[in-house]
Amino acid sequence: MTPYAVLEERARAVLPEPVFDYYAGGSGDEETLAANARAWSAVRLRPRVLRDVSRVDTSTTVLGTRVSAPVLVAPMAFHRLAHPSGELATAEGTSTAGSLLVLSTRSSTRIESVAKVSGPWWFQAYVLQDRSLTKDLVQRAAAAGARALVLTGDTPYVGRKRRDRGSLAIPDEDFRANLERLTDLTLAEQASNVTFDDIGWLRELSGLPVLVKGVLRGDDASRCVQAGATGVVVSNHGGRQLDGAVASAEALPEVVNALEGRGEVFVDGGVRSGRDVVRALALGARAVLVGRPVLWGLATEGAAGVRRVLTELQEDTAHVMALAGAATVAEVSADLVWTP
């Protein structure tokens, strides 16, 4: 078994079945969920030889923030389902690993509480049915110290997930952690009328740079940047939205080529090893975001588990970089990718 598979099985053993299925599952027949990991394996590397890799530096910057490795924590909902300390433990583990947390709109812990214990962090934003709720959340995040917003653009409706349908009840206190005054739960559902114009709206509300997450097409990426986005996250929501969608690794080159350096490009979906991180960088990503591995670390060991997952990914990335002949992240370039 791979280290990730071992970690996943450990998490399965400690989590209630409905909670594990909620995190692990994908939409439909889970075609895209499976394709995400498989697509990274299809990217072959052309290692350089006779390079000085006696010291490998995995550090990089993301939107101007220095991180220890090009591995960030993806936004995920309701961490308290996985561990009693929830997002507080995730933030602590992320910070001690020198990484950056993207805090979800669906956080089961108050924004301000997470901010107090977190290192650098971004806030993931949904545009909700009641836009005043979105405005409040975004402005609270900015006031609490978020360094960027990540607008999720691929959820006009929630994907149909067979594994967790009707089997999981989110505790009310977790759902309302940042929506205390909400009386009608439907108002907190994602809006289905979100457009490129909302990028500028969020920038004006927050004064923060905006990334758009869920982009799988080059033309959409270009329109995001034209509308004011600082960059995009190539993502299919971890295989949880449109089943049959292209894998993130497959979509990444088109998006990178379309933007031509006009914005920072990030990617998530199926990244499970240092090999995958290096592959993503070689295909043009600034950094990767990881989700499920972090949740499994949180479930099994709390903050220490989060730190362990991120640290091991960083160490694995450094090892792969050395074997590929790259001493710095800047040296992980497109010429490392084998093209038949």
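Sequential numbering from 1, following the chain as shown.
Cβ atoms are placed via backbone N, Cα and C, with glycine included.
As given in TrEMBL:
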- His237: active site, proton acceptor (ACT_SITE)
- Tyr22, Tyr126, His237, Arg240: glyoxylate binding site (BINDING)
- 75-77, Ser104, Gln124, Thr152, Lys213, Ser235, 268-272, 291-292: FMN binding site (BINDING)
- 1-340: domain 'FMN hydroxy acid dehydrogenase' (DOMAIN)
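Positions of TrEMBL features highlighted on the structure.
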{"residue": "Pro75", "record": "FMN binding site", "DSSP (3 states)": "coil"}
{"residue": "Gln124", "record": "FMN binding site", "DSSP (3 states)": "strand"}
{"residue": "Lys213", "record": "FMN binding site", "DSSP (3 states)": "strand"}
{"residue": "His237", "record": "active site, proton acceptor", "DSSP (3 states)": "helix"}
{"residue": "Asp268", "record": "FMN binding site", "DSSP (3 states)": "strand"}
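When the alpha carbons of Gln124 (FMN binding site) and His237 (active site, proton acceptor) are compared, the span between them is 13 angstrom. His237 (active site, proton acceptor) sits 13 Å from Tyr22 (glyoxylate binding site), taking the CA atoms of both as reference points.
On a Cα basis, Tyr22 (glyoxylate binding site) lies 15 Å away from Pro75 (FMN binding site). With respect to their backbone Cα atoms, Asp268 (FMN binding site) and Tyr126 (glyoxylate binding site) stand 18 Å from each other. Across the structure, Arg272 (FMN binding site) and Arg240 (glyoxylate binding site) place their CA atoms 17 angstrom apart. Distance noted between the C-alpha atoms of Gly270 (FMN binding site) and Arg240 (glyoxylate binding site) is 12 Å. DSSP assigns Arg292 (FMN binding site) to a helical segment in the three-state reduction.
Over the domain 'FMN hydroxy acid dehydrogenase' (1-340), the average per-residue pLDDT in this prediction is 96. Once the Cα atoms of Tyr22, Tyr126, His237, Arg240, the listed binders of glyoxylate, are compared pairwise, the greatest separation found is 19 Å. In the three-state DSSP reading, Tyr22 (glyoxylate binding site) counts as helix. When other Cβ atoms within 10 Å of the Cβ of Lys213 (FMN binding site) are tallied across all protein chains shown, the result is 24. Across the structure, Ala77 (FMN binding site) and Tyr126 (glyoxylate binding site) are spaced 12 Å apart at their Cα atoms.
Taking Tyr22, Tyr126, Arg240 as the binding-site residues under consideration, the smallest Cα distance to Lys213 (FMN binding site) is found for Tyr126.
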